[in-house]
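Structure first, commentary second.
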Amino acid sequence: MDPPQLLFYVNGQKVVENNVDPEMMLLPYLRKNLRLTGTKYGCGGGGCGACTVMISRYNPSTKSIRHHPVNACLTPICSLYGTAVTTVEGIGNTRTRLHPVQERIAKCHSTQCGFCTPGMVMSMYALLRNHPEPSLDQLTDALGGNLCRCTGYRPIIDACKTFCRASGCCESKENGVCCLDQGINGSAEFQEGDETSPELFSEKEFQPLDPTQELIFPPELMRIAEKQPPKTRVFYSNRMTWISPVTLEELVEAKFKYPGAPIVMGYTSVGPEVKFKGVFHPIIISPDRIEELSIINQTGDGLTLGAGLSLDQVKDILTDVVQKLPEETTQTYRALLKHLRTLAGSQIRNMASLGGHIVSRHLDSDLNPLLAVGNCTLNLLSKDGKRQIPLSEQFLRKCPDSDLKPQEVLVSVNIPCSRKWEFVSAFRQAQRQQNALAIVNSGMRVLFREGGGVIKELSILYGGVGPTTIGAKNSCQKLIGRPWNEEMLDTACRLVLDEVTLAGSAPGGKVEFKRTLIISFLFKFYLEVLQGLKREDPGHYPSLTNNYESALEDLHSKHHWRTLTHQNVDSMQLPQDPIGRPIMHLSGIKHATGEAIYCDDMPAVDRELFLTFVTSSRAHAKIVSIDLSEALSLPGVVDIITADHLQDATTFGTETLLATDKVHCVGQLVCAVIADSETRAKQAAKHVKVVYRDLEPLILTIEEAIQHKSFFESERKLECGNVDEAFKIADQILEGEIHIGGQEHFYMETQSMLVVPKGEDGEIDIYVSTQFPKHIQDIVAATLKLSVNKVMCHVRRVGGAFGGKVGKTSIMAAITAFAASKHGRAVRCTLERGEDMLITGGRHPYLGKYKVGFMRDGRIVALDVEHYCNGGSSLDESLWVIEMGLLKMDNAYKFPNLRCRGWACRTNLPSHTALRGFGFPQAGLVTEACVTEVAIRCGLSPEQVRTINMYKQIDNTHYKQEFSAKTLFECWRECMAKCSYSERKTAVGKFNAENSWKKRGMAVIPLKFPVGVGSVAMGQAAALVHIYLDGSALVSHGGIEMGQGVHTKMIQVVSRELKMPMSSVHLRGTSTETVPNTNASGGSVVADLNGLAVKDACQTLLKRLEPIISKNPQGTWKDWAQTAFDQSVSLSAVGYFRGYESNINWEKGEGHPFEYFVYGAACSEVEIDCLTGDHKNIRTDIVMDVGHSINPALDIGQVEGAFIQGMGLYTIEELSYSPQGILYSRGPNQYKIPAICDIPTEMHISFLPPSEHSNTLYSSKGLGESGVFLGCSVFFAIHDAVRAARQERGISGPWKLTSPLTPEKIRMACEDKFTKMIPRDEPGSYVPWNIPV
């Protein structure tokens, strides 16, 4: 029998597939089969949104079309029969017309690296197809499933807000004041100074949204749905069979025939299990358009919903129902809605089904606890007939008597209405407020006897605290008949803690936090019910006090908004001079249309091979044997490369290409599998058998490294003044320490490379996503034993880097190049997200120990600090990180007597490397923690102590570099004024006095960020500029475009210097073929150094062409170029900048390592929930000295994006390792970077007026890194709020600071009667699931 055809449409074009592989997902099909590369691979698990596309389905029963976003990485193509798929390429392009979403995303400066942009565009596009004038709530909800690492989200919101009603207005729903004009407490915003800045974009330029111009749903698909008789479709391959029944009878028959086969609707549960856990299902049953699975039946008793309805459809249905029915009947519906608003992202909610969510019974399911306490029932069907079972705790535990039978199908779910005197509540706490699995969640229900406040029924279930949803049935039974009072609450907490238990080594860790949440949620429920009883019987039940009422309010954001104050262009500047103007990122349009080409978007090369790595599963072990035989026998496998193949080219410094006889970390490269397809290479890698023998010692933490004296080199040290003598005169001395956790780069584009042998003279071309093409060129040449001039490295753009695409990228490129050279064929290597996070180290975990002497007035007179960074298993950049940390640790403060020492620790973790800020975010936090503790001891505010100790005039740093701190202090004063510090600090105190369970905090942090690379050689740069006879110019330089807009700025430089329109200047990318011997792009100096080289090349050309131009001053560049050609005058010039004068002598502890300093200050105000540890950034004000901004739009983007990345570092980004050194957090489901829900509700960014710096490019300053540190203003604002909570509870003295300040750490620091109730495990009595490193 011939297999059925798969018929669907993509971007209006018909697609027919006769031989469908059921294991094929839509993402690789679009990218490889249809060459639609605008849809990106970001994580492969539906967690980042980079692969978002829109699916449209026609319903012949309702004659309606449903448009919804999905994650293409989790969408099997077999599920697409009869659908229309729209990708970013299908809505607009540069060749025809742009869609308004694409235009506005680009012109509102909403792209940086651009890798996430197509996903953002498609999420917004899908929203507009359903809601042409969305509300702000709908907008933020639609983008909740999309991650961006570069922008900080604010410009994305700005772009999308232009489609909202009244451009995002809330219609005065909040305090009667427009959301766009709100300031503090609804007053008119930001009145101080009222400086005006030119708009970064003009809405008048935007084309209007015209829904009539969208792609129509294919009429053919409508006809098929209307007229074609329904028939089960079966798609199969050698490994898998996909069955798509189209009637309920066929579905029941298929389930009877294949009882072990899972029924999937959205593939959001089965898909990740298949991809990440290696689960394989030979048969999958996927119902398609079965009406009975989508029923909506509302009666007086409740609601019956089809099991096939998507979670987003359920959300819409419940939203409609709660608006129509009395509140007392909709308790369960409202609780479900509360969780549906934060459950996953819009894409997953549109894919996942209600039935799938229930039957999967995941331990952290948000809906199942609520459905269970709500007495829901499940309607089942099999060949034996219909059956109804309760959705009970026994069902969730998969007890045989209460479970589905293998042949049964879940058809629908009955959700009863709540009754009078019945209350249902939902609770959850996650690492991030939205699109994050719950750490603990709960559903709770109570029914009282009529009017008496005496418990008649009680049901409490928890998720996240066991292998499945766990109930407190016995506790509830014992509480029946008890009155609803504090005595009952106290008893309930103790009973529940005794019944719902967690072992100290429970999977997921956070055991004490989870125990605390169990009873914190119970307390919240107690208060919510009291509030409900008050509504039902106001005369009998008193109102909650303000102190208690604060426990009930969730930390929801208001609508996001911002103000920007940047620099005006001088009125004397020529209109055509682009310097200082907010020019759009020149790849912005291509980002938004999907036309921007990244490394893995490059077309396949003839006979291309694919490489994947086998990595170590042990942290410190001897390799006993490697068995390749089984893997080599698999079809399509071409070769497996080990260290033996590389001969003597195995080690570069402390970095090893492939492990030889030992492995030193989990994730170390052991061998590389080469096959004719990516799938076959990955399958074969699983069959490589490596036998290990563990070695001692296993060193994972800094403390263990100190114990074993495991350091890479001897200490680095800087000292000024006489520290020991100064301690003798100090009024007080304190000692403390702070641990700062690591951070994953989480660039959206994973490590990617394509190596192409040229077939002549051993030449080889490397197309790679890197910051340092020269380094790759050198290592590949050494590995292949070629001269460097035969190895060329090309980089068009990089989808984010942040320091993470240097060292390990070069290692992987060398191995890939070896494979390509050996086989004479192109080899492609692209890491999956989990591989990338496992192999490549991130920011260094850090430990700072300080001893500080100070006077009673807050003056710090002596400081002795030890810095330790966890370098991992090889040196990489660790020594430089420690050196930069020591050089920059003073931040904004003059410490007259200072000793700082640092060590890079060797451990058995993947080598940590550079990450935006390069040691300063850690070292600066150590200093600020010390200053904060001094303030507490002195009874002063931290801001007072900061002001007292700050550099203020011309001064010397602790390494004897002179600088002027006038601008630093100006930033500080300006920030204190603009943020209305005094008034708001008073308001925070008033709020805290009135609220026991919510607390607010404020912190203002200064910034002095040194910019420089430490030596002249590392700061040199070159450029090449050609002028063609048509008057156009081509510029090449050594910098890498990775989102910061360096190419845009270089074209601005050429335009100014040559007085040539920017439209006449082009830049193709970066290549060692055009500009050799480049330095790495990083350290905030890429535009500085390369811009000066480009400027030099332009000035060389102008000097050369000056006689020609002076003879024809009214001519055009076309005229001048032709004349130059006729006169044999070269139209090409090399520009060169030798580097800033930089030096540091570590033996003497002095030097001039930095060219200039970036100054700034940030004030953040936060609110915390003392019962859950949740926090919300209410407002952030940032003031920056940027010199003279070359492009304010790009510079604001750098400051804002860096701040949000820093905020993530200090609050929610938490790496988790096992005690054996295995990284648990290998993707966005386990590792949380900030999402839209995390950004400040208000954000105000101000640039100081231009200041002159003669040595830099047009007096500009590099801003790529400095803003990261300002994110710690949120950290210290949280600290301030926690301290207020502790003071109110009578807890004095400091508490141990660690970063990040996650919900767990915040909650456990807010000690109260609930934290005292929980059982504690004795240290050493158990093996923890995870450890801090």
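In case you wondered, yes, glycine gets a Cβ from its N, Cα and C as well.
Listed in Swiss-Prot for this protein:
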- 4-91: domain '2Fe-2S ferredoxin-type' (DOMAIN)
- Cys43, Cys48, Cys51, Cys73: [2Fe-2S] cluster 1 binding site (BINDING)
- Gln112, Cys150, Ala801, Phe802, Met1042, Gly1083, Ser1084, Val1085, Val1086, Gln1198, Leu1263: Mo-molybdopterin binding site (BINDING)
- Cys113, Cys116, Cys148, Cys150: [2Fe-2S] cluster 2 binding site (BINDING)
- 235-420: domain 'FAD-binding PCMH-type' (DOMAIN)
- Ile263, Val264, Met265, Gly266, Tyr267, Thr268, Ser269, Val270, Ala344, Ser353, His357, Asp366, Leu410: FAD binding site (BINDING)
- Ser1063: phosphoserine (MOD_RES)
- Glu1265: active site, proton acceptor (ACT_SITE)
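Features per Swiss-Prot, on structure.
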residue : record                          : DSSP class
Cys48   : [2Fe-2S] cluster 1 binding site : coil
Cys73   : [2Fe-2S] cluster 1 binding site : helix
Cys116  : [2Fe-2S] cluster 2 binding site : coil
Ala344  : FAD binding site                : coil
His357  : FAD binding site                : helix
Ala801  : Mo-molybdopterin binding site   : coil
Met1042 : Mo-molybdopterin binding site   : coil
Leu1263 : Mo-molybdopterin binding site   : coil
- Nearest recorded site to Cys150 ([2Fe-2S] cluster 2 binding site) by CA-CA distance, among binding-site residues Cys43, Cys48, Gln112, Ser269, Val1086: Gln112
- Message: Can you name every residue in this chain, apart from Cys43, Cys48, Cys51, Cys73, with its Cβ inside 8 Å of the center of the Cβ atoms of the recorded [2Fe-2S] cluster 1 site?
- Response: Leu27, Lys40, Tyr41, Gly42, Gly44, Gly45, Gly46, Gly47, Gly49, Ala50, Asn71, Ala72, Gly119, Arg833
- Task: Count the other Cβ atoms sitting within 10 Å of the Cβ of Cys43 ([2Fe-2S] cluster 1 binding site), across every protein chain shown.
- Result: 25
- Message: Let me check the 10 A CB neighbour count of Leu1263 (Mo-molybdopterin binding site). How many other CB atoms are there?
- Response: 28
- Note on the structure: From Cys48, Ser269, Ser1063, Ser1084, Val1086 (recorded positions), the ones whose CA sits within 10 A of Cys148 ([2Fe-2S] cluster 2 binding site) are Cys48
- Task: For Tyr267 (FAD binding site), find which of the recorded positions Met1042, Ser1084, Glu1265 come within 10 Å, Cα to Cα.
- Result: none
- May I ask which residues of the same chain, at least 6 positions away in sequence, place their Cβ under 8 angstroms from the Cβ of His357 (FAD binding site)? Ser269, Leu311, Ser365, Leu367, Asn368
- Message: Cβ neighbours within 10 Å, counted over all protein chains: which one of the binding-site residues Cys48, Ile263, Ala344, Leu410, Ala801 has the most?
- Response: Cys48
- In the predicted model, what is the mean pLDDT computed over the domain 'FAD-binding PCMH-type' (235-420)? 96
- Nearest of the recorded positions (Cys51, Cys73, Ile263, Glu1265) to Gln112 (Mo-molybdopterin binding site), judged by Cα-Cα distance: Glu1265
- Within 10 Å of each Cβ, count the other Cβ atoms and name the one among the binding-site residues Cys73, Cys113, Ser1084 with the highest count. Cys113
- Distance from Ala344 (FAD binding site) back to Cys51 ([2Fe-2S] cluster 1 binding site), taken between C-alpha atoms, in Å: 15
- Message: Give me the long-range Cβ neighbours of Met1042 (Mo-molybdopterin binding site): same chain, 6+ apart, Cβ under 8 Å, in sequence order.
- Response: Cys113, Gln771, Arg797, Val798, Gly799, Gly800, Ala801, Lys805, Ser1081
- Show which residues of the chain containing Met265 (FAD binding site), separated from it by at least 6 in sequence, have their CB under 8 Å from its CB. Ser286, Pro287, Gly308, Ser310, Met351, Ala352, Ser353, Gly355, Gly356
- Message: In whole Å, how far does the CA atom of Cys116 ([2Fe-2S] cluster 2 binding site) lie from that of Cys43 ([2Fe-2S] cluster 1 binding site)?
- Response: 11
- Check: min Cα-Cα distance from Glu1265 (active site, proton acceptor) over binding-site residues Cys73, Ile263, Val1086 goes to Val1086
- Taking Cα atoms as reference points, which of the recorded positions Cys43, Ala344, Ser1063 is nearest to Val1086 (Mo-molybdopterin binding site)? Ser1063
- Query: Could you give the Cα-Cα distance between Ala344 (FAD binding site) and Cys43 ([2Fe-2S] cluster 1 binding site), in whole Å?
  - Reply: 15
- Message: Looking at the binding-site residues listed here (Cys43, Cys73, Ile263, Leu410), whose Cα lies nearest to that of Leu1263 (Mo-molybdopterin binding site)?
- Response: Cys43
- Note on the structure: Cys116 ([2Fe-2S] cluster 2 binding site) has its Cβ surrounded, within 10 angstroms, by a count of other Cβ atoms equal to 28
